């Protein structure tokens with residue numbers, strides 16, 4: 001079993017940092033559903049502004065709020081306005097890698113969704129892996145893909 005990316009909120013902006021809360025990251029349920037992120041799921045958080053990398057669990061905020069709130073100790077690593085990547089993962093047998101289609105969501109400055117992408121791993125005629133980033137129409141983008149929220 002290997003740890004594989006399952007979904008990402010890419011370039012979402014921190015709306016609040018609450019040091020006195022119990023811990024976690026509070027996210028809009030609409031955003032979580034788009035990327036396949038579950039409540040209480042452990043996620044990795046990568047801060048594009050500072051380079052900080054942490055792990056915490058997800059709690060759901062108010063639906064439609066576009067919130068991204070770092071709580072407890074995590075609040076020390078991300079400040080309001082920071083652009084972060086929230087990534088969930090699964091453990092998967094390599095034989096099933098071609099059936100996984102991670103969902104990636106990108107955001108504007110106000111945490112409105114810009115792009116809905118997916119990752120795809122396929123086998124070429126020689127049995128080697130090939131990787132694609134697909135847009136909403138399942139069209140492959142150039143790699144590295146320069147999408148509006150990247």
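Including glycine, each Cβ sits where the backbone N, Cα and C put it.
Residues annotated as active site, schiff-base intermediate with substrate in Swiss-Prot, with sequence analysis given as evidence: 24. Mapped onto three states, the DSSP output places residue 24 (active site, schiff-base intermediate with substrate) in strand. Around residue 24 (active site, schiff-base intermediate with substrate), the same-chain residues at least 6 positions away in sequence with a Cβ under 8 Å from its Cβ are 56, 57, 58, 59, 71, 72, 74.
In three-state terms derived from DSSP, residue 57 (active site, proton donor) belongs to an extended strand segment. All protein chains shown were included, and the count of other CB atoms within 10 Å of the CB of residue 57 (active site, proton donor) stands at 15. Per Swiss-Prot, the feature active site, proton donor maps to 57; the stated evidence is sequence analysis.
The substrate binding site annotation in Swiss-Prot covers 56, 72, 73, 74, and the record cites sequence analysis as its basis.
Annotated pyruvic acid (Ser) per Swiss-Prot: 24, in sequence order.
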Env. residues of substrate site, Cβ within 8 Å of mean position of 56, 72, 73, 74 Cβ: 23, 24, 25, 54, 70, 71, 75, 76, 77
C-beta crowding around residue 73 (substrate binding site), within 10 angstroms: 13
Protein Cβ atoms within 10 Å of residue 72 (substrate binding site), excluding its own: 16
Residue 74 (substrate binding site) CB neighbourhood, other CB atoms within 10 A: 23
